[in-house]
Amino acid sequence: MSIEINNESAIEVDEPLIQRLATYALDTLHVHPDAELAIVMVDEGAMEQLHVQWMDEPGPTDVLSFPMDELRPGTEDRPTPAGLLGDIVVCPQVAAEQAVTAGHSTMEEILLLTAHGILHLLGFDHAEPDEEREMFGLQRDILIGFAMSERGR
């Protein structure tokens, strides 16, 4: 798995932890081990520019996903073909604000946003109630499974 993490924000993040979560999520979703993923942390100004440019919405957001090869989750017998999964852009400042509201750490929020971004790259969405249930259920399962795997480290 080729996972590149680039922190362009002013907030320090635990890059190895993000790398492990992304690897765990992609393995869980049976994505080919040669798939490529980029995760970029940006400040609010850069995120706001992306949010306006791509979503036509004002202000910074927490996470944006930019799929490349439109890969979908695989199965144990038929993993996703190798390819460019895409880019996830996370804003740690927005994550920090959301973490306070959610009652957990900024890093936990960044992990949640990373899992959320990966699911979007793989074609999941939450525009409709049934899609939201499926996507958020998978997101929860990934985060719980990852937390359990981290306890065993």
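Numbering starts at 1 and runs along the chain as displayed.
The backbone N, Cα and C atoms fix where each Cβ goes, glycine too.
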His116, His120 bind Zn(2+) in TrEMBL, but which of His104, His126 does that record place at the same site? His126
Cβ-centroid neighbourhood (8 Å) of the Zn(2+) site, His116, His120, His126 excluded: Val63, Ser65, Gly117, Leu119, Phe124, Asp125, Met135, Gln139
Far apart in sequence but close in space: which same-chain residues, 6 or more away, have a Cβ under 8 Å from His120 (Zn(2+) binding site)? Ser65, Pro67
Using a 10 Å radius on the Cβ of His116 (Zn(2+) binding site), the other Cβ atoms enclosed count 24
